[in-house]
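Trainee: Quick one: this structure, given as structure tokens, is what I'll be asking you about.
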Amino acid sequence: MLSIESVLESAADQSCIRLEPLVNTHLSGKTTTTGGSCDVFTDGSTKVTANGVHDIEDRILRITGYYGYNPGYSSHRREDGSESHAETPGSETSEESRSYQTCTHTALKVLGGLLLVLCVSSSWVGTTQVVKLTFQSFSCPFFISWFSSNWNILFFPIYYSGLVVTKREKQTPIQKFRECSKLFGEDGMTLKLFVKRTAPFSILWTLTNYLYLMALKKLTATDVSALYCCHKAFVFLLSWIVLKDRFMGVRIVAAIMAITGIVMMAYADGFHGDSFVGVALAVGSASTSALYKVLFKMFLGSANLGEVAHFLSTMGFFNLIFISCVPLILYFTKVEHLGSLSSLPWGYLCGLAGLWLVFNILVHVGVVLTYPILISIGTLLSVPGNAAVDVLKHEVIFSVVRLAATCIICLGFLLLLLPEEWDSVTLRFLATIADKKTEEHGEELTDSSVHTRSRSRANGTVSIPLA
């Protein structure tokens, strides 16, 4: 066995001793030379150390023929370590930039959602108030509902125009329309599917609007908008029964509160007269709206924005083609007196239909771009918005029972907005707060003990802790 001294002596005179390393033990892709002061690689490049000779560790390993040894391995390993060290600040910077971008995106999404909340609330308040103004000179609720529903035809053209502006859409409108028609099936939209899928939803849509307008003839805008918020509770009950959604006790409580508010609203003026009929019509509108949403989720699933735009435009066509006979029947039977075309309040009608279309666009687009809960809050805020308009403009005086019923319905609506895992999230949040308080209390005790010890040492005494 060679001693360390003999190894060093042999390293001092490499021209006399040439011990080759084991054959095929070096790393692949490199060729090892044993007699020079440089490493020759297969690409023809050389690597020389700063003082012209190899590190002492490399020389010892080469002379002793260490198994698997490759000259410069240790230096390569050190250089690789330094390179990985050099990449660490860059990776930290990239992670910081990614987190900054995520925070910025979330902040913009929340701010856009808050702006959208105001737009949704304003459009729904405007729609309700314009209906009240229209009824002063034109009292034909079904014709108004039919005329406003026809404007849904514009939904898909507006959607495609938005794609052209934002994403430079290369598909033609016909190609995009056919692509979105896959919502009806793999074969697209046929006449049979058009009638089968569109007819029930179009009828429910028309009933919802018609009953809502009829309720506005009997009640104030505040009462109708508050009663319409009960549709959230009906959606939960139907989803629980039909779709077998998860049972949540807090939502059952919210549904009970909604029903309580309905009963109180009907009792406000006694169970008779226009008030009771108006409450029944508003509750009927909320029920058909809930049934529409549950059936949409059951048969059509979670459609994207393009498919929803296609579906609403299709319902507009169905309304124009098949439901146009109903206003004519009501006109000839003198249930609704339209008068001449020139006498119709086209300004109010077009303003109402435009606001209704804007509301539907904001609701469906907002669900995709922001958080769905913000859209629901925007609908809820229409209740105080209508109340402010009723008090300031129409000088409506609300009774205590109506105010209590409205507050109970709104509170139940807010409870329905709680997520499914709200209880576990709340418990984790409270546990985190308790842990923070415990840590802060422990730090305060530590700081006080350190302060006491330092003061004792300054006075020449030492505090001995008790076992």
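Here the Cβ of each residue, glycine as well, is placed from N, Cα and C on the backbone.
Whatever TrEMBL says is automated annotation, not expert-curated.
The region 'Disordered' annotation in TrEMBL covers 74-98, 442-467. According to TrEMBL, the compositional bias 'Basic and acidic residues' annotation covers 76-86. Per TrEMBL, transmembrane segment is recorded for 107-126, 138-160, 194-213, 225-243, 249-268, 275-296, 308-332, 344-363, 369-389, 396-418. The domain 'EamA' annotation in TrEMBL covers 113-266. The annotation compositional bias 'Polar residues' is assigned in TrEMBL to 447-467.
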Trainee: Between 194-213, 225-243, 249-268, 275-296, 344-363, who has the most Cβ pairs under 8 Å to the transmembrane segment (107-126)?
Mentor: 344-363
Trainee: Give me the stretch from 138-160, 249-268, 308-332, 344-363, 369-389 with the greatest number of Cβ pairs under 8 Å to the transmembrane segment (396-418).
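Mentor: It is 249-268 that shares the most Cβ pairs under 8 Å with the transmembrane segment (396-418).
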Trainee: Checking distant contacts: for the transmembrane segment (344-363), what same-chain residues at least six beyond its ends satisfy Cβ-Cβ under 8 A?
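Mentor: The answer is 116, 119-120, 123-124, 126-127, 130-131, 133-134, 137-138, 144, 147-148, 150-152, 154-155, 158, 312, 338, 375, 378-379.
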Trainee: With pairs fewer than 6 apart in sequence excluded, do the transmembrane segment (138-160) and the transmembrane segment (369-389) have three or more C-beta pairs that lie under 8 Å?
Mentor: no
Trainee: Considering only Cβ pairs under 8 Å, which range in 138-160, 225-243, 275-296, 308-332 makes the most contacts with the transmembrane segment (194-213)?
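Mentor: If we count Cβ pairs closer than 8 Å to the transmembrane segment (194-213), 275-296 scores highest.
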Trainee: Under 8 Å, at least 3 Cβ pairs, sequence separation 6 or more: does that hold for the transmembrane segment (275-296) versus the transmembrane segment (308-332)?
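Mentor: In this chain the transmembrane segment (275-296) does not contact the transmembrane segment (308-332) - fewer than 3 Cβ pairs sit under 8 Å.
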Trainee: If you average the pLDDT over the domain 'EamA' (113-266), what number do you get?
Mentor: 89
Trainee: Who are the chain neighbours of the transmembrane segment (138-160) in space, where the CB to CB distance is under 8 Å and they lie at least 6 residues beyond its ends?
Mentor: 131, 169, 173, 176-177, 180, 202, 205-206, 209-210, 213-214, 217, 305-306, 309-310, 312-313, 315-317, 319-320, 323-324, 326-327, 330, 336-338, 344-345, 348-349, 352-354, 356-357, 360-361
Trainee: Under 8 Å between C-beta atoms and at least six residues away from its ends: which parts of the chain pack against the transmembrane segment (225-243)?
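Mentor: Residues packing against the transmembrane segment (225-243) from afar: 124-125, 128, 212, 215, 219, 251, 254-255, 258-259, 261-262, 265, 279, 282-283, 285-287, 289-291, 293-294, 297-298, 376, 379-380, 382-383, 386, 405-406, 409-410, 412-413, 416-417.
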